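Heads up: the structure comes next, in structure tokens.
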Amino acid sequence: MVLQAIGKHALGVVLLLFVVFLWLISSFLTSSLLDDDNFFSPFLITYINTGTFVFYLIPWYFSEKKTRKHRLMSELSMYESVHDSSFNLGTRPNSPLGFRQTAYLSLGFCIIWFAANYFSNSSLGFTNVASFTIISSMSGFFTLGLGTIVNVERFTLSKLLALMASVGGVIIVVTQDAKQADLNDSPPSRPALGNAYALLAALLYGCYSVMVKFHITEESCVSTRLFFGLVGLFDLILLWPFLIILHLYGVERFSLPSTTAGLIVLIINASITFVSDYLWVIAMLMTSPLLVTVGMSLSIPLALFFDILLKGHYLNFSLILGSLLVFAGFIVVNYNQQNII
């Protein structure tokens, strides 16, 4: 049983590392879209990306159709066993969530997840990447704090120190890398607003990570396809009026990219989100909200590696130290999580 849990945790870490790579690519694509002065539409980008989740309802429907009879018999057996034994009100049941329960969870997740991604995308339009990255890394503190309150994370001093090391490494890498940036880059238009958006996105990221783990203790407790499919459905049904409102008030234009290249980037970015966020939830359920939050900081030294290859940025001691701190923070949190297993 212990070996099985360790194996599941290891698989979750592998999935997380793959998600980090996908999100890194997505961030570059999103940045390229927002750099287009004729297409500054963070809400539309988030709406399209989230809306793609509705396609998960297709495989869920056919799978549900095949297994409905067997599932109903299993639920009946579980119902009878519960009434034949004592029921502990102090524990949360691990039985699979039904359609209605999953729908309620998907609705709450859709709103918080959409808001987090919208504020994250919007902040890039008002502040510089360095400030955005540093502030976003603070989501680990929100995740640890909220997770401890609702008992999905166990607070330890080593976790706090690992988190501080990771954030410290992020600050070192980002500030050093910013010194090598092109001096011709235009300054941020509204840095205070952009930084506030980034901080709000970090808080919301911690909220939805903890919320999902609190309601779904293991990946077997919910149909992930149904969960994400309903998130996409709620996104398409409930949020489209805001596209028109934002357009009418001049906040952002309701239009697609004007170039073929822009459309291709938009589609590829949505496809990456379609896969990566599904795998992110599975990785989080196999590990912990804090581990996936700290794990996302690994994208920063990875992005630095790409900058060295593609833009000719050079390594120095500070960049190496910062990267090592980020990796060390991830390793310590992962070690703590394995000890809990």
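Using N, Cα and C of the backbone, Cβ positions are placed for all residues, glycine too.
Below 8 angstroms of C-beta separation, residues 45, 121, 124, 265, 268-269, 272-273, 275-276, 279-280, 282-287, 291-292, 295-296, 298-299, 302-303, 306, 334 of the same chain, each at least six residues beyond the ends of the transmembrane segment (10-30), sit close to that stretch. As annotated by Swiss-Prot, transmembrane segment applies to 10-30 (among others).
Here Swiss-Prot flags 42-62 (among others) as transmembrane segment.
What Swiss-Prot records for 107-127 (among others) is transmembrane segment.
The annotation transmembrane segment is assigned in Swiss-Prot to 129-149 (among others).
For the transmembrane segment (155-175), the residues of the chain that approach it from at least six positions outside its boundaries are 129-130, 133-134, 137-138, 140-141, 144, 148, 290, 294, 297, 300-301, 304, 318-319, 321-330, 332-333, 336, judged by C-beta separation under 8 angstroms. Sequence annotations record features per position, and here Swiss-Prot assigns transmembrane segment to 155-175 (among others).
Look at Swiss-Prot and you will find 192-212 (among others) tagged as transmembrane segment.
Residues or ranges marked as transmembrane segment by Swiss-Prot on the basis of sequence analysis: 226-246 (among others).
Residues or ranges marked as transmembrane segment in Swiss-Prot: 263-283 (among others).
Per Swiss-Prot, transmembrane segment is recorded for 290-310 (among others), and the stated evidence type is sequence analysis.
The transmembrane segment annotation in Swiss-Prot covers 313-333 (among others), and the record cites sequence analysis as its basis.
Most Cβ pairs within less than 8 Å of the transmembrane segment (290-310), among stretches 42-62, 107-127, 129-149, 192-212, 263-283, belong to 129-149. Counting Cβ pairs closer than 8 Å to the transmembrane segment (42-62), the top stretch among 129-149, 226-246, 263-283 is 226-246.
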